[in-house]
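Asker: As annotated in Swiss-Prot:
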type	residues	note
ACT_SITE	C211	active site, for beta-ketoacyl synthase activity
ACT_SITE	H346	active site, for beta-ketoacyl synthase activity
ACT_SITE	H386	active site, for beta-ketoacyl synthase activity
ACT_SITE	S661	active site, for malonyltransferase activity
ACT_SITE	H965	active site, proton acceptor
COMPBIAS	8-27	compositional bias 'Low complexity'
DOMAIN	39-464	domain 'Ketosynthase family 3 (KS3)'
DOMAIN	933-1206	domain 'PKS/mFAS DH'
DOMAIN	1706-1781	domain 'Carrier'
MOD_RES	S1741	O-(pantetheine 4'-phosphoryl)serine
REGION	1-36	region 'Disordered'
REGION	575-888	region 'Malonyl-CoA:ACP transacylase (MAT) domain'
REGION	933-1047	region 'N-terminal hotdog fold'
REGION	935-1203	region 'Dehydratase (DH) domain'
REGION	1062-1206	region 'C-terminal hotdog fold'
REGION	1418-1608	region 'Ketoreductase (KR) domain'
REGION	1681-1701	region 'Disordered'
Amino acid sequence: MATPDDPATPALSLSASNSSSPTAASSVPPPTGTSEIQYDDVAIIGMSCRTAGGNDSPEKLWRFIMDKKDASGESPSWRWEPWVRRDTRNAKVIEKTISKGYFIEDLENFDASFFGISPKEAEQMDPHQRLGLEVTWEALEDAGINPQSLSGSDTAVYVGVDSDDYSRLLLEDIPNIEAWMGIGTTAHGIPNRISYHLDLMGPSAAVDAACASSMVAVHTGRQAILAGESRIAIVGGVNVCLSPALFHMLGAAGALSPDGVCLSFDEEARGYARGEGAAILILKKMSHAIMDGDHILATIKGSAIAQDGKTNGIMAPNAKAQELVARKALKQAGINALTVGYIEAHATSTPLGDPTEVSAISAVYGVGRPTDTPALIGSIKPNVGHLEAAAGAISLVKAVMAVQKGIVPPQTRLNKLNTRVDWAKSGLHVVRESTQWGTEDSPRRAAICSYGYGGTVSHAIIEQFAHAADPFTASTSDDNHPTLLLLSAPQGKQRLPAQSAALAEWISPAGAHESLRSIAATLATRRAHHENRAAFIVSSHTEAAETLNLFSKGAEHDSIVQSRTLDNNINKQIVWVFSGHGSHWSGMGKQLLQNAVFYRTVAPLDIVVVQELGYSAIEALKTGRFESSGQVQVLTYMTQIGLIQLLKAKGVHPHAVIGHSVGEIAASVAAGCLTPEEGMIIVTRRARLFAKVIGCGGMFLVSLPFAEVLAELGGRTDIVAAIDSSPSSCVISGLNAPLEEYVEKLKNRGIRVFQVKTDIAFHSPMLEVLSKPLKESLEGSLNPQPPNIKLYSTSQADTRHPARRDAEYWVDNMVKPVWLRPAVTAAIEDHYRIFMEVSTHPIVSHSLDETLAENGASDFTTIHTMKKEQSAEKCILHAVAQLWTKGVKIDFKFLGRQWSREVPKIRWSHKRFWKEVSTGSASAQTVHDPDKNNMLGQRMVVAGTNMTIFTTALDESSKPFPMPHQLHGTDIIPVSVYVNTFIKATGGKVLSKMELRVPLAVTNDVRNVQVIVDGQSVKVASRLSSSDDMSWVTHSTASWENEPSANVLPSLDVSSVIKRIGTRVSETFSVDYLKKTGVSGMAFPWAVNDHYNNTKEMLVTLDNDPEHETMSWDPCSWGATLDAATSVGATLFSREVKLRIVSHIDRLTIYSSDPPPKRYHLYVTEASSSQVHACSADISVLDLSGTLLARIESIRFTEVEATPTKSTSIESGVHQIAWVPARLSEKPLSLEQIVLVSEDDAKLEQYANELQRQAPKIVKLTSAAKLRDNGALFMREKNATVIYCPGTVTSLEDVASASHRFIWEVATAIKFLVENSISAKFFVILDRTFLAGSPTALAQGALYGLARVVASEHSDIWGGLIDNEGPLFPVMPLKYVQDQDITRYIDGVPRVARMRPFTKQQRYAPSTARTLLPKPEGTYVLTGGLGALGLETCDFLIEKGARRIVVISRRDIPARSQWSKASENLAPILERVKAMEKTGASIYFVSLDIGAADAHQQLLFALERLSLPPVLGVIHASGVLEDSLLVDTTSDSFARVLSPKISGALALHKAFPPGTLDFFVLYSSIGQLVGTSGQSSYAAGNSFLDVLAAHRRSQGDNAIAFQWTAWRGLGMATSTDFLTLELQSKGITDVGRDEAFQAWEHMSKYDVDQAVVTRTLALEADDILPCALLEEVVVRKARAQDQSAPASGNASDSSGRPTASADLKPWLDVKIRECVALVMGVEDIEEIDTRVPLSDYGVDSIMTIALRQKLQSKLKIKVPQTLMWNYPTVSAMVGWFQKQFEEGQ
């Protein structure tokens, strides 16, 4: 029997990252034209470039050079505009600056989404980095290296760069600097970004050697390869010219061409022209390149770098140094200079540079040559300019092209050779026209020169690589066979059509000379494989072009397979499913037999068939005549075995297998249990026995579930349910007559029935007669082995049962039911989602789809290998294509080794990304002087009018007052600055009818401000400078007069007023009152020295800028004095604590012509008009003798509306935790299986007994480790409930270790449930923990904080923590309290935590002596005292009277004599300590790990040695923060965080027992109350502190735990954007240092053990409550008055939510993408691929919080912190929100 010819088979791997055996290289003959290959040479295997003139590839650049084109032109004017606007002096200079050069068009464009970079980050990236990324990707594709294959490799990246224009543009705009600008604007960011995005682990460095940078980078990369540091090196350079600064400098130095062109070697050369561009080359050792099948463009024979030493000037060229570095490179290469035919010169076109360089080149390469064969020289610079840092690399690209093509291109812009060079004697010739470059006896060689103006000289020698015949060339016979062309793209499928069109355009006719197979191999093995994929099954170039064009136009075709890969978190391993009887058709084997792999596989099996049955199965396949069911099964098995090998030959391998009926035999072969021959023995011997039962029975597919049919048939044996096919169908089997009768009944009931093509009742009792003969015939013929991959049984009810595939198994397979649905379900439960039916026609694929859908698998695929009457070859390729487009890894070696560099490369999808900087800091624009405390900038008189306008720009850099003056967190211009502005603008002394309309905010955004004096009126107006179309806002208006009326009030008798008022109040009275109203600070520094006050009048003595002898601002300014007047004046109305601001002044008069004094009096009385406006005052400013200096009449203070919280007083910033009755769910939790975990045997038994009536199945375990190790075996129920009950602790000594153990038990259980995707609810049951009455309660206390974080990170798993205060198991809260993190079960009532204000009833009685404040006579112990919060606490204690503080720290503090030598980190801390000690306090240090086992003893010993007065107070502020999600934590990381919190607190508890101190203060955190994700360990430690405080107070101690919010700018998590957003997402804010200590003092009045210190944010009327804890304290803004108005763009989006389920998903898709686009800064939501993880778009942690807030606001549903972690794509989030809405949450 003839065997088909074997097709060519690839011999080597095509992956660039996979090396073949070392012997492969030696089998390749040396290239022709060389005497010998130096395998240690470094090969250039790929390159790409970008230059002016639209040259975006080496080929385009070559044509450009050959055509003598040049790309010189003007710099785009918009680039220099920011510098023009930055300083008024710049414009004239820039006008005279040379602006011509060689510029890349559309430099601002970048394909950010391709690299997963967000628009916001992209605009903060230097174009150097953008060019570097794109050109590197192009170069790797040119090299035939899949960039993704380099991940984790030692690939080196060296990139030359020496300009930072974009960095200066962004970073000199200081107020607008953002986080990403750091890495985005650095030089090292260029190579580092390449390494980062490609996940490279080799060296990565920027090289700056001026204009030699890129050649130094090439040399360094070559050295890295030769040294064995890196297998591949990415080298080159990038240059961008954005700023006029360097143009101006170079022009001034005479280095630049006035005409903006390079005239290398020309007599008229007068300087160089700057050029933009990038060139990247890919290097690899020659031996590796040959082994890997790379195309070698040239070899680098030698390279050298040096410095030219001390010359006439550091920038002067040195011919001797240039000569020496060339000779060094030649020596290294072992090459005679006379064999180098072409030199690519540096040739900068400078009068000195060109002659100097030519003399050096002549000395090396020209001298000694025959006059008729001079060395040829040229330079690329007249074509594309001097690319400076990239100059050497672009020259190298040109030289490589010349060496490859055998042509020396012509020199551009050469009219007359430079006469300073003696060309006749030089041995050199400048090529004016393109010249053929042929050599007979040696390869073409070229030299490249590159020099830096700082003195760096570099040189390289390259050599032609003449390609040998490829021994692995694919057979031309393959050209008519179908093959696969693969295209892929990241971030949205919209890229694919453009790629397809480009490939179609090239493939015919341009690509016709390339074999279709080599094109396919290029795309499959040497290009990246992204998420969006399309595969094309084609047989010719013409068909390929047509199919690709169809796809590019959006058409569908059978030859096109398109899909996005399955999500990253989905298992992409394949399950092969071998179907059983019924897939056969007459022509199924005819084409398959033409395939050599198939034929070789089945030929040995045909021998077995002939021996066993007496006929040839191969002949039967050829004829297509199948005479019996037995023969069908033989041929079915044979084709399946052939398909196994055929699929493997196509690079497809299974990871699990399932067999259906007779398909189980082939499945067992695929799994390695049987040999193919053993399988055929089973099939043939069964077939022989089937002759006894043929024709007696049959089978039908029925559209009813298996269980239903089984019940309906009862115990019948004549008809049975034979195959459990899918959730809605099964196959019945039986004797013909009763089967037909039953089927007829089913049809009459309207049930669909289909006959199976068989005359045997398989899987029925009818075949039991064959059982014994079959078993006997197989015994001794089989040697079954264990499977080598996952194998599911369909012959066993337990489909995972590892039954041996022996004779008895195959009897069961023949007689017993087929459990296909359970087997597929088991595979689904084991996370398989890709199923391939291995058969000649699909018969179970529908059942697979149905079972997958039934099991909730939303992202899956089923694929079949062949289909009836269709080309087998194309069907199999179609299946391979389907697998690949779903993300399955396919080994494409079958496509061969040959590949093509000409296949079109990446098509970029460019968009503009450019950071629009402000016009510069406002203070740089000849604007107002902030120290004069006014807003008067440039003055302009409007012609023909009585109007004068002062214009200025206002931002934080030009704030006209020295200190923060905030309203609702934003600085606003104080009234005193308006007054000072009006006085100075008009020159008047009187202002009247002054209105304060709208606050003028001072922010980073520059505002244009106008002060307009129009006749006798004056006003201030502003608008944002970036919004020219925005209308002007008027902030304040007034009328003015020149001089006051003659009616001057007499001097005030100050002593008489003081006597009349009588009452003297604290100097801090005014400041304290203003703080209560929420005013955190004054606009100017002033202090009250004396304050006399009653309800009608005040006399106050003040000092401006009290810490200085003279004031630190313009002495003529009334700003500070009037700020004090308006601030202190407001306190006349202190009867009610309300925030008020000045809204109106009737009249303000300045009487004095002298500057205001530093010290002065204020006299304040109620205004006579106060009956109309209750809060109006008259204020007089007097000097110390009582003389009137200024007077404000009827200044009106108006209450501020819509303050962000109920009140800004300190009372509103402290809260208690109250426990309110929980809302009960109408639907109880379903308890199908309960797993009890506890180390307490007695509790385990008690709870198990009490729960017996609640759940049918209860499992008891003594540890979470046992759950982890064995849980997967018994936790199969969908509604499992895991309950953890920590044990009992009897001794205080065991509390710390038990606490850690309890925490880790919970962590272990949660990790197990998450990692195994088990659907369960997890509960923790505590025993009176909140009451804190025992060591058990203390040890369990840490679980409170842990519970809230787990609830946040894993809300789908978390059932709740129930703190049970009753004797029985808390069944009721377990079942009916849902979606709560913690529940206390008290007297049969479940209660949950809510924040509430403290009540007066909680205060101490007035006679109580307890306090939280220090006394001078005591000693105070402070842990964590050297941290940010600790130092502030130390300062506060000293402020309040402490004189001795002992600071406990793990740091070793040097002796005071050594403090001057302290480390950089420690020195500022010690300086702070010294400053505090200057107040008279003493600070002592004890170096101690407070978490150590014997810490309390060490502490007491240390205190004893210090011999200080008794310790009266302890503050425990120590802590360690290690943020990590619970599933990523380790026991050790928990221990590090818990040690200072739990062990440290216990050490202090032991050292200072309850009742021995005045106070015991613990620093806890609000993070554990609101469930801050990532802080499970920190939260656990802090909640322990809460319980310890309660424990001590229950024993009579004055202990309190402060549950602090973040302290603004302080602590372990300073107030960054991330922290601010995180707090806002919880509905809370940070507090300032002073607010925190005000809270401390305030709580000194209360008899409580805990205090939550935070402020809440105001919510919109319909906003979702961000945290249930805030339910009773949050303030909601009033609804808009017109609720009946039609919804506008600002109306609630959720109001339009569709009610129909079908419409909800697309609606959610749009809404979520709108939110994502808003956060990312993307204009078109279509740019957001719903299947791409948001992290791939560059969404970082800050954006994640912002997105969560946007989603919560738009969709009006609470969004968990972990949503974007657990549901990382838009598609996944749509599913989550849809579920929430449909469940009515």
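We count from 1, first residue shown onward.
Backbone N, Cα and C atoms are what each Cβ position is placed from, and that goes for glycine too.
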Asker: For the residue listed as 'active site, proton acceptor', list the number of other Cβ atoms lying within 10 Å of its Cβ atom.
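Answerer: Cβ-Cβ neighbours of the residue listed as 'active site, proton acceptor' within 10 Å number 24.
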Asker: Between the residue listed as 'active site, proton acceptor' and C211 (active site, for beta-ketoacyl synthase activity), what C-alpha distance do you get in Å?
Answerer: 51
Asker: For H386 (active site, for beta-ketoacyl synthase activity), list the number of other Cβ atoms lying within 10 Å of its Cβ atom.
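Answerer: Step by step: centre on the Cβ of H386 (active site, for beta-ketoacyl synthase activity), count other Cβ atoms within 10 Å, giving 31.
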Asker: Take the region 'C-terminal hotdog fold' (1062-1206) and count its residues per DSSP category (helix H/G/I, strand E/B, coil), listing them in that order.
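Answerer: Looking at the region 'C-terminal hotdog fold' (1062-1206) with DSSP, the answer is 23 helix, 55 strand, 67 coil.
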Asker: Through the lens of DSSP with three states only, how would you label H386 (active site, for beta-ketoacyl synthase activity)?
Answerer: strand
Asker: Please give me the active-site residues out of C211, H386, S661 that lie within 10 Å of H346 (active site, for beta-ketoacyl synthase activity), comparing Cα atoms only.
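Answerer: Near H346 (active site, for beta-ketoacyl synthase activity) by Cα: C211, H386.
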Asker: List, in sequence order, the same-chain residues at least six positions removed whose CB sits under 8 Å from that of the residue listed as 'active site, for malonyltransferase activity'?
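Answerer: Counting only residues 6 or more apart in sequence, the Cβ neighbours of the residue listed as 'active site, for malonyltransferase activity' under 8 Å are S579, G580, H581, I723, F762, H763, T794, N813, V818.
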Asker: How many Å lie between the Cα of C211 (active site, for beta-ketoacyl synthase activity) and the Cα of H386 (active site, for beta-ketoacyl synthase activity)?
Answerer: 9
Asker: What are the helix, strand and coil residue counts for the region 'N-terminal hotdog fold' (933-1047) according to DSSP?
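Answerer: Summed by class, the stretch gives 15 helix, 51 strand, 49 coil.
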Asker: For the domain 'Carrier' (1706-1781), provide the mean pLDDT of the predicted model.
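Answerer: Per the prediction, mean pLDDT sits at 77 for the domain 'Carrier' (1706-1781).
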Asker: I'd like the Cβ neighbour count for H346 (active site, for beta-ketoacyl synthase activity), meaning other Cβ atoms within 10 Å of its Cβ, all protein chains included.
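Answerer: Total other Cβ atoms inside 10 Å, all chains included: 31.
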Asker: Treating G and I as helix alongside H, and B as strand alongside E, what does DSSP give for the domain 'Carrier' (1706-1781) in helix, strand and coil?
Answerer: 53 helix, 0 strand, 23 coil
Asker: Taking the Cβ of C211 (active site, for beta-ketoacyl synthase activity) as the centre, how many other Cβ atoms fall within a 10 Å radius?
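Answerer: Taking all protein chains shown, C211 (active site, for beta-ketoacyl synthase activity) has 27 Cβ neighbours within 10 Å.
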